[in-house]
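Listed features, source TrEMBL:
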type: DOMAIN; residues: D:1-99; note: domain 'FAD-binding FR-type'
type: BINDING; residues: D:74, D:75; note: FAD binding site
type: BINDING; residues: D:221, D:226, D:229, D:246; note: [2Fe-2S] cluster binding site
Ligand SMILES: Cc1cc2nc3c(=O)[nH]c(=O)nc-3n(C[C@H](O)[C@H](O)[C@H](O)COP(=O)(O)OP(=O)(O)OC[C@H]3O[C@@H](n4cnc5c(N)ncnc54)[C@H](O)[C@@H]3O)c2cc1C
Ligand SMILES: Cc1cc2nc3c(=O)[nH]c(=O)nc-3n(C[C@H](O)[C@H](O)[C@H](O)COP(=O)(O)OP(=O)(O)OC[C@H]3O[C@@H](n4cnc5c(N)ncnc54)[C@H](O)[C@@H]3O)c2cc1C
Ligand SMILES: Cc1cc2nc3c(=O)[nH]c(=O)nc-3n(C[C@H](O)[C@H](O)[C@H](O)COP(=O)(O)O)c2cc1C
Ligand SMILES: Cc1cc2nc3c(=O)[nH]c(=O)nc-3n(C[C@H](O)[C@H](O)[C@H](O)COP(=O)(O)O)c2cc1C
Ligand code: FES
Ligand code: FES
């Protein structure tokens with residue numbers, strides 16, 4: 001047993017909820033949990049994040065739903081899922097029985113729908129946190145995505161917060177496709193978000209030069225994978241600089257422990273693994289191990305000491321990010 | 001000589017200016033022109049775009065100025081350049097003497113500075129077009145980048161347009177780091193932009209996990225290369241759908257003729273090559289050849305027939321891009 | 001899991017790779033597939049490539065053979081592998097072909113490299129004393145895979161090519177009714193392009209015999225977590241769902257697959273936009 | 001330009017690659033470098049790697065030899081190359097070492113793989129009847145490159161290692177004053193890490209003899225277009241400019257390089273923020 005004692009104290013906190021370690025699965029990238037559990041014990045992760053759960057079952061988008069891009073993946077799955085009732089009936093209990101820490105991602109077309117989802121989750125056992133996927137079109141605002149608008153995001157977060165048990169943190173998941181991610185982050189925190197998760201996929205398009213048509217049936221899709229990591233690190237950096245007290249789940253292109261470490265040094269206290277799971281079913285546990293080794297190799301005794309460290313060079317104040325690289 | 005007759009009519013128009021072909025160098029990626037001309041005749045390109053010229057000489061940012069990212073490059077050069085007087089004295093005449101079509105990129109910290117630059121260019125021979133690099137911090141708005149704000153962008157464009165000769169098109173270069181690129185594009189066109197160029201680099205950060213510090217001295221930098229191509233194609237697609245009559249220069253991650261073709265099918269009538277030049281000094285001419293071959297192989301007789309073609313599937317109306325991939 | 005390439009060889013238009021992979025060989029059942037990481041260190045390709053397992057042998061603790069058709073950069077990379085290179089494999093994946101309990105007459109239909117998956121199946125069927133007949137087709141002679149082996153293994157083998165360069169000119173579905181009649185087929189197994197599977201299924205429906213198809217859909221993960229490989233399939237309850245080719249398939253009952261609607265969300269599918277259709281069937 | 005790898009071998013901590021590249025061999029002058037594409041087809045690495053040319057030989061129409069120290073993924077890929085692999089090269093690049101007109105006494109100082117670039121230089125100097133003495137250093141014995149050849153070629157060779165595993169314990173700059181005095185050096189040529197070049201330059205300044213340094217800065221293009229490889233260098237007019245290591249260098253007069261300010265924009269550099277300093281010198 002003593003071999004299992006980690007060299008580094010990997011515990012982290014999503015607001016007041018302690019996680020055994022900072023590595024989680026990313027929403028929509030780890031199925032129901034059952035699929036991955038054929039490869040490893042999901043309980044070894046800090047948490048499992050569900051796909052985004054919607055009120056009604058959703059068939060999603062037509063195929064082709066994905067295409068490979070340089071160091072990335074463009075996808076338009078369209079939140080295919082069974083709806084909240086089936087989730088509560090079949091998926092959540094399976095996770096709860098195995099004591100898998102579960103972050104439930106929710107998505108809706110209106111504030112009311114998000115709120116109704118959160119209400120349905122309020123009594124369900126086994127909900128570690130609620131992640132509000134704000135990258136959903138707001139049917140009351142001509143389909144404008146909530147995440148693009150600080151006020152709309154804040155409204156969703158506030159309403160979800162108000163119907164959620166005090167001991168279940170509400171995490172707002174932000175998109176990078178905004179002019180000012182700090183403004184949206186601040187609005188969400190002011191609205192009651194206990195933590196932030198970033199980034200959701202930036203929007204991209206690929207054209208198939210043989211069919212002369214978009215490669216995805218949905219035309220546009222979300223870009224993920226290593227290609228977007230610099231954008232994710234940038235968002236985490238900016239938001240951590242502006243709101244240093246707010247826990248951040250870093251997401252975007254994490255394939256290795258070094259990548260996870262990058263997000264942590266930029267200010268994330270947890271890291272979600274998405275696209276990497278498609279390439280390597282064991283990615284999340286491998287990354288956890290690599291991260292622990294990387295911390296140990298650099299003399300860290302606690303993960304917490306590395307969070308945001310890149311902002312504070314020895315002997316100087318924290319550096320500010322300028323908006324332009326030019 | 002007859003071997004030189006292209007199989008495909010590659011001519012394109014930047015507003016009313018005819019270019020022999022759609023391939024140009026991207027601003028800041030092709031030096032003064034002299035460097036590349038050691039490898040090929042720059043006059044073979046549709047145009048050469050200068051680095052962004054500023055009023056005063058600029059030393060740029062400290063090093064390290066670049067780091068490699070998956071399928072990308074993160075750079076923070078900081079518009080190092082000799083200033084407008086040295087440009088007019090030494091760089092532009094060299095290009096003009098060789099009849100190289102030259103798009104002059106300009107950047108400033110205020111509307112007045114952009115305007116002064118455009119005025120200095122008004123009498124200079126050899127200016128094919130002026131590209132307004134809007135990714136500069138506005139010193140009058142706490143360093144907020146012009147390109148992030150449609151109104152500020154439009155003001156710059158309108159002022160530059162007003163002092164520029166009627167037969168010299170003004171091209172507005174847009175950033176993808178905005179909530180609504182179509183809104184910024186529309187504002188620029190309403191402000192008098194004759195064409196649009198997109199995308200400038202999205203902002204990214206990389207952390208060096210050995211030094212535990214940002215990899216770039218400037219902390220953040222601009223992401224370029226194939227990693228960003230899906231974002232560039234998306235911006236071109238969205239803007240072409242909304243403003244089908246506006247000429248667009250597609251920029252972002254073009255490494256091959258196929259990549260250039262992708263941007264053209266999405267709606268670009270010209271394509272600028274940036275990061276690819278760092279990898280292959282002959283990239284621009286190679287891409288031109290590959291593009292011509294790709295068009296010929298698919299039976300196109302004119303480049304113009306391919307512009308925006310992916311929007312119009314045979315037998316159906318143009319498809320709309322939804323804001324969210326979900 | 002890491003496998004070492006034992007041998008590579010060209011087989012007409014295809015590249016055959018034999019890889020030492022005991023863990024996969026051991027658990028393999030006909031119809032399973034494997035996913036392979038492509039591009040090597042530093043690659044820009046982030047997704048694996050799905051490959052059917054053609055053959056499994058006991059040598060070196062267990063080898064698997066793949067047959068690769070070069071399509072894009074990933075398969076081109078695979079075709080460049082040489083003996084002693086290593087491959088990163090995940091598998092076996094998917095649900096294998098269901099085998100009949102009784103010794104029935106089986107027609108195995110393969111299109112292009114789709115035939116590759118049928119030989120292990122034929123062995124398993126023959127071990128159960130089933131009769132096996134082959135119908136293999138492709139666009140041209142060099143793309144018909146496994147004709148010799150089919151001739152050796154099957155009672156009869158019928159070949160078709162669209163250009164007539166081998167066997168009968170035409171498509172497998174053109175000759176299939178004749179074969180089904182001649183051999184008194186009880187069941188059809190098929191693997192190949194979607195259009196072929198649709199036509200083969202139609203033949204099965206005509207003759208009122210079951211068709212087991214192994215479908216091919218673009219896959220990003222192969223393990224059921226990304227939801228990119230879906231197609232509309234009718235469930236036991238009569239409800240159409242968008243199911244995963246990788247984890248719920250790749251083998252389906254042909255008549256359950258809504259081939260005409262592949263690439264769409266049928267309006268009556270569970271959770272289709274508008275909330276119509278079978279969404280109501282769900283509580 | 002495509003070059004075929006002729007041979008590869010380990011040399012202590014380094015990997016030496018000999019590549020058939022007549023176009024480069026022909027135009028090469030000592031101090032030139034070459035940029036190499038890394039990662040092969042489908043790679044995620046978009047920038048080339050700069051390598052000094054160690055040796056040029058007339059075999060096969062012209063070969064060039066590189067000495068590679070593995071640092072990150074690109075150099076690791078280079079170290080994995082084998083005979084008959086091809087490399088995509090651009091070069092020769094940069095400004096070579098200026099050669100003295102008269103037969104003077106030259107001390108050639110190399111740190112780590114930086115020594116590699118000095119041997120072609122030594123040949124050229126000796127052809128001009130210059131005396132050549134070497135001072136080579138590194139962290140440890142296996143990182144001192146070219147000691148044997150230096151002993152063969154130079155009048156004297158002094159070796160240093162920081163751990164004392166070869167030659168004298170210490171750094172090249174510790175022993176350099178003694179060598180300069182002993183051999184009555186007229187000029188110093190140096191290539192190696194920036195810290196070493198700074199110290200070597202200080203020695204040259206002390207002795208009031210010129211130092212030619214070949215600097216190393218992270219490069220994205222190597223051809224002068226990306227402006228990422230800059231360092232502050234004082235021009236003939238006394239103005240400090242941020243100049244490109246690739247196109248304006250890599251060889252500079254040591255005393256012109258503001259080593260202490262590398263990694264910064266000196267406040268008095270042309271165009272420094274604030275518009276101060278030498279910006280005023282410009283019309
Ligand atoms: C169950 C199954 C078994 C298969 N067995 C074989 C086989 O035995 N031999 C063989 O040559 N091919 C087989 N294929 C097809 C093979 O997976 C694709 O040809 C291959 O993935 C294309 O990769 P690429 O890099 O060449 O093309 P690209 O078009 O560059 O691939 C890009 C991306 O799309 C995915 N993709 C594209 N086309 C397909 C496709 N048809 N199927 C699955 N994913 C696709 C790839 O996985 C990759 O993620 C099988 C596919 C499936 C689903
Ligand atoms: C003029 C010149 C000559 C050189 N000659 C040699 C030589 O003979 N042998 C040798 O082993 N190395 C040489 N180097 C250093 C070599 O270029 C770097 O070690 C190499 O680029 C690192 O690549 P990587 O993929 O291993 O590391 P990474 O850190 O992954 O490289 C990432 C990026 O940074 C750039 N980069 C990082 N460090 C350096 C560096 N020190 N110099 C230039 N670019 C860098 C790379 O080009 C690449 O774009 C030389 C550098 C220069 C400038
Ligand atoms: C196929 C796929 C499906 C996704 N589905 C969801 C989802 O349902 N909800 C959500 O919030 N994010 C979803 N995402 C976004 C991921 O959770 C993650 O934010 C993003 O992909 C970046 O991380 P990665 O690069 O590690 O994949 C999805 C991403 C992919 C690739
Ligand atoms: C090193 C570097 C310098 C650049 N300098 C400028 C510049 O001065 N002005 C500008 O408008 N864009 C500049 N850009 C952005 C490019 O013009 C281009 O918009 C972007 O890099 C995307 O294209 P690419 O992927 O082909 O490089 C620069 C990009 C790079 C990589
Ligand atoms: S390929 Fe990912 S779910 Fe089927
Ligand atoms: S490396 Fe690009 S300018 Fe020197």
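The backbone N, Cα and C atoms fix where each Cβ goes, and this holds for glycine too.
A map of TrEMBL features onto the structure.
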{"residue": "D:74", "record": "FAD binding site", "DSSP (3 states)": "helix"}
{"residue": "D:221", "record": "[2Fe-2S] cluster binding site", "DSSP (3 states)": "coil"}
{"residue": "D:226", "record": "[2Fe-2S] cluster binding site", "DSSP (3 states)": "coil"}
{"residue": "D:246", "record": "[2Fe-2S] cluster binding site", "DSSP (3 states)": "coil"}
Per-state residue totals over the domain 'FAD-binding FR-type' (D:1-99) - DSSP helix, strand, coil: 16 helix, 44 strand, 39 coil
Residues satisfying Cβ distance under 8 Å from residue D:226 ([2Fe-2S] cluster binding site), sequence separation of at least 6: D:219, D:220
Residues among the binding-site residues D:221, D:226, D:229, D:246 that border ligand 2 - Cβ under 6 angstroms, in sequence order: none
Residues satisfying Cβ distance under 8 Å from residue D:74 (FAD binding site), sequence separation of at least 6: D:38, D:39, D:45, D:47, D:49
Entry from the binding-site residues list D:221, D:229, D:246 having the most other CB atoms no farther than 10 A: D:221
Of D:74, D:75, D:246, binding-site residues neighbouring ligand 6, Cβ under 6 A: D:246
By Cα-Cα distance, the member of binding-site residues D:221, D:229, D:246 nearest residue D:75 (FAD binding site): D:221
Binding-site residues near ligand 4 among D:74, D:226, D:229 (Cβ under 6 Å): D:226
Number of other Cβ atoms within 10 Å of the Cβ of residue D:75 (FAD binding site) across all protein chains: 17
Among D:221, D:226, D:246 (the binding-site residues), residues with Cβ under 8 Å to chain B, listed in sequence order: D:221, D:226
Per-region confidence, the domain 'FAD-binding FR-type' (D:1-99) (mean pLDDT, whole number): 95
